[in-house]
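Taken from TrEMBL, the feature domain 'Major facilitator superfamily (MFS) profile' covers 14-394. Residues or ranges marked as transmembrane segment in TrEMBL: 20-39, 51-69, 81-99, 105-125, 137-156, 168-194, 215-239, 251-271, 303-320, 341-362, 368-387.
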Amino acid sequence: MTHPDRMTGIEKRAVFSLSLLYIFRMLGLFLVLPVLAVYGPDYAGSTGTLVGLAVGIYGLSQAVLQIPLGLLSDRFGRKPIIFAGLLLFALGSIVAASADTIWGLIAGRFLQGAGAIASTLTALMADLTREQHRSKAMAGIGASIGMSFAVALVLGPVISAQMGLSGLFWLTGVLALIGMILLWTTVPTATCVSNNAEVRSVPDMMRRCLADADLMRLNAGVFALHLMITAQFVAVPAYLESMGLDVARHWQIYLPMLFLAFLIMVPAMVAAERRGKVKAMILIAVALLGGSTLSMALLGHSLVLFLAGLLVFFVVFNLLEANLPSLLSRTVYPGGRGTAMGIFSSFQFFGAFCGGSLGGLLMANWGVTGVFGLCAGVGLVWLLIALKLRVPAPAPNLAVEIGRDEQQRKTVLERLREWPDVLDITVIAGEPVIYIKVASDFDRRRLDELISA
């Protein structure tokens, strides 16, 4: 029996494989975003409103289906739901690639969004990693999303110039198929056995998550975060162009900023976890998020000052993007990760939908200053909500060697389920080690006796 402070081989493989899966999944989404509004008017029956619908319908279907798919992953397992989501995304890509009317494009985008697996992927990462390593694992996901976005900003316009929008959609379909292969060949399988997870109806699981004040504060936070980032990308490209930077050169701004943001984010997260200052880090980050957008609204006359504010925004955005899912998985009751992550992801995508809609409305009437002012106001409201956020201390985790004998494993697991101070049990398929979350007063000698019996 060990009590490791380092990531196990399974945890490292989980972080690597799921981050890689995120890269292929998110790259398929981000590649078309920089060019969809440019090529959309070329489709038969297209209007400005319908092109906007083609852009936003993805986020809408994502938001609607995150909760159902999260619930299904709690009941039927993570991998089957992830596979089905990737299949839907691939089918949507084929429909969009084959479309010659705007309604065909909208249908394809809606079907792409129906593959709403973000919450299930995050829940699987939480299943495969222990609490003391979860922030690092989620940072890996955050980094993969940031990397996908940065690469897409560069490659999307370049590839579409050679292959057209249809070619981009075919490429996103291929990326989804690669993700399906990675899922079954590289991602570990986890069976999460919770001592306190009663058999609950789907409505009861949802009510329990929605009634938890701390979970709802985190949901409000991710709504605000994605409202702000989406609104930013409505306004920032227009501002950069007004300052003499051609759209084709915008990636030269985004790419180094995202790289610097990642370099700053990781040490900050590790230091906060080690010193028990996670809540303080969250509050400071939210304050900086709102402050950076306020500075961008007030100091936009100077490109240098504007870019400094944008860099701060990217740093704290990536930090919060990695920490909020980690806090959610630490806060949620055992057995409810998939449901909670589904609700969380729905708030996230609704935030993106609102950010794009409100950002476009404000840009049309008040310009970039109105958009950045909105973001500053949202940041202030979020800060007030976050003041009451409670960050639970990580429960002690133990890695326990119980061998591969099925009868012995069954006996040990049955006994552990009977102990009230064993809060959660994670079984990795095919591995002799199980991971248990225990109460602070847990007696390890009793566990030693059980294993040696």
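For all residues, glycine too, the Cβ spot is worked out from N, Cα and C.
A contact between the transmembrane segment (137-156) and the transmembrane segment (341-362) is absent, since fewer than 3 of their C-beta pairs, 6 or more residues apart, lie under 8 Å. Segment contact holds for the transmembrane segment (20-39) and the transmembrane segment (81-99), given three or more CB pairs below 8 angstroms at sequence separation of 6 or more.
Listed by sequence, the residues of this chain that lie at least six past the ends of the transmembrane segment (215-239) yet keep a Cβ under 8 A from its Cβ atoms are 209, 247, 250, 286, 289, 293, 300, 306, 310, 313, 317, 320-321, 324, 327-328, 331-332, 340, 343-344, 347-356, 358-360, 362-363, 368, 371-372, 374-375, 378-379, 381-382, 385-386, 388-389. Contact between the transmembrane segment (51-69) and the transmembrane segment (341-362) is supported: at least 3 Cβ pairs lie under 8 Å, counting only residues 6 or more apart in sequence. In summary, the transmembrane segment (81-99) does not lie against the transmembrane segment (341-362): fewer than three C-beta pairs, each 6 or more positions apart in sequence, are under 8 Å. Ranked by number of Cβ pairs under 8 Å to the transmembrane segment (251-271), the listed stretches 105-125, 168-194, 303-320, 341-362, 368-387 are led by 303-320. If one looks beyond the transmembrane segment (368-387) by at least 6 residues along the same chain, the residues whose Cβ comes under 8 Å of a Cβ in the stretch are 217, 220-221, 224-225, 227-228, 231-232, 234-236, 238-239, 242, 282-283, 286-287, 289-291, 293-294, 296-297, 300, 358-359, 362.
Taking Cβ pairs closer than 8 Å, the transmembrane segment (341-362) reaches residues 52, 55-56, 59-60, 62-64, 66-71, 73, 116, 118-120, 122-123, 126, 206, 209-210, 215, 218-220, 222-232, 234-235, 324-325, 328-329, 370-371, 373-374 in its own chain, all 6 or more past its ends.
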